[in-house]
Amino acid sequence: MNVTLFGLGYVGSVTATCLADRGHRVVGVDTDPGKVATVNSGRPTVIEPGLDEIAERVVASGALRASISASEGMEDSDLSLVCVGTPSALDGSTNLTYVRRVVAQIGAALAESTRPHTVVVRSTVPPGTVADVVVPLLEATSGRTVGEGLQVAMCPEFLREGSSVEDFFEPPFLVIGGSPAAAAALRELFAFLTCSVHVVDTRAAESVKYASNAFHALKVAFTNEVSRLYRALDVDARDVMKVFVEDRQLNISPAYLRPGFAFGGSCLPKDVRSLLHLGRVNNVDLPVLAGTLASNEMLVRDVADRILQEIDARGGGNRRVTLVGLAFKHATDDLRESPNVALAEILIGKGVDVHIYDPIISMSKLSGANLRYVESKLPHLQKVLHDDPSSALSGSLVAVVSSAAPRVVDAIVAADPAVVIDLNGRLAALEVLPGYQGVGW
Ligand SMILES: NC(=O)c1ccc[n+]([C@@H]2O[C@H](COP(=O)([O-])OP(=O)(O)OC[C@H]3O[C@@H](n4cnc5c(N)ncnc54)[C@H](O)[C@@H]3O)[C@@H](O)[C@H]2O)c1
């Protein structure tokens, strides 16, 4: 393909060089004449292992050249890649000045031709940027309509500086946000990759990049935070983390990364509190760990607020809410520190007419610490706990559901509450209902 790449920095320099190495004809455009001259002399603009040798080869063969002129770089172009910087503004927002400038330049060049073209944003941009900023600007400046010979896509970059050439050729996956036609162009561009390809909408593609970087930041901060505590406790954190990462079932795995409701139960809250206490007595601040409890409680309060707002907005006097599932997680009867119990407590405190059904829980079977816990938190559970989902849901305005037993789904459809809040994504079958809401989607 004939590719025009805007922004010859870390991402752009590596991308332009490596794409040229895989048979594309690439023109790199940058506003910095020094970078343009460097590329045209066969050298990369950044120091990266393995890049010099490829750059020398592809510039010598004519597969890669650089230009300061956007319009010249766009001549005969099939696809443009936006790789300019998106730095932080003082208030933390993303400065899209460079992205806007480049998109306007691409649009102006496209106005002069009828050649089909695909514009791909490779820079990291906030969710909504492609749809709300890039597409309108491109349409205004090109006079063309996206979809008719003009495609726009988001394709985030996942390379790391220091190993960028290796990462470029072996990315974790290729994420494409855009139409099937845009995806087809990107599949052709990256045909040499063997990784999986995920085609999603542009907002999801933009968001995957942020989720990835936030998670990487969280991993580093978590590890270094527990290391600070362990050092104070005379524990070698290297020994701990060496074993920790060996757990591919729960620690380094997709476990706990499915959007859903708050954590609870007899272990996670208790053990995080215990670490926070050890931190306090040893004068070690643990903001990441403290943040887990704060964030978890916030989620319960958010769901309670959403329910109260629904009651205000469309209850018309009906304050009946049914919790389907009470235990801290599905398929157990453990109520200790269940976020569902906390949610019920908040709602009852606000005068909501709460009814509860859990396929596993009945008053007669509760015993020991479990019974004591629920008696202290929900002393009137007996009065509001139903043996049958239909009677629990009958006449309810809102169903808050963390169980998807077959009887539950049928009972929700029959009771037809105005709002169904799916707490753990098990109610996919009910997504068609107009009142369906995911807890975090
Ligand atoms: N650096 C990384 O490891 C990395 C990894 C993945 C994603 N990203 C994202 O990729 C984007 C680029 O990052 P970077 O580190 O390569 O940035 P960078 O600052 O190294 O390079 C940006 C380049 O864009 C050029 N530029 C600015 N305005 C221009 C214009 N109007 N026309 C042409 N060129 C222009 C600049 O001169 C510069 O050479 C950012 O959104 C970043 O968040 C970076």
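Just so you know, glycine gets a Cβ as well, placed from its N, Cα and C.
No curator has checked TrEMBL annotations; they are predicted automatically.
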Based on TrEMBL, name the residue from Lys35, Lys209, Lys377, Lys383 that is recorded for the same substrate site as Phe158, Leu159, Arg160, Glu161, Tyr256, Leu257, Arg258, Pro259, Gly260, Gly264, Lys329.
Lys209
Please pick, from Thr86, Thr202, Thr223, the residue that TrEMBL records in the NAD(+) site together with Asp30, Lys35, Thr124, Glu161, Lys270, Arg336.
Thr86
Distance check, please: Cα of Lys270 (NAD(+) binding site) against Cα of Pro259 (substrate binding site), rounded to an integer number of angstrom.
22
For the domain 'UDP-glucose/GDP-mannose dehydrogenase C-terminal' (322-429), jot down how many residues DSSP puts in helix, in strand and in coil.
45 helix, 18 strand, 45 coil
To see if you understand the setup: which same-chain residues, six or more apart in sequence, place their Cβ under 8 Å from that of Arg160 (substrate binding site)?
Asp167
On a count of neighbouring CB atoms within 10 A, which of the recorded positions Leu257, Cys267 is highest?
Cys267
Rounded inter-Cα distance in Å - Pro259 (substrate binding site), Arg336 (NAD(+) binding site)
22
I'd like to know which of these binding-site residues, Lys209, Lys270, is least surrounded, judged by other CB atoms within 10 A.
Lys270
Of the recorded positions Leu257, Gly264, Cys267, Lys270, Arg336, which ones put their CB under 6 Å from ligand 1?
none
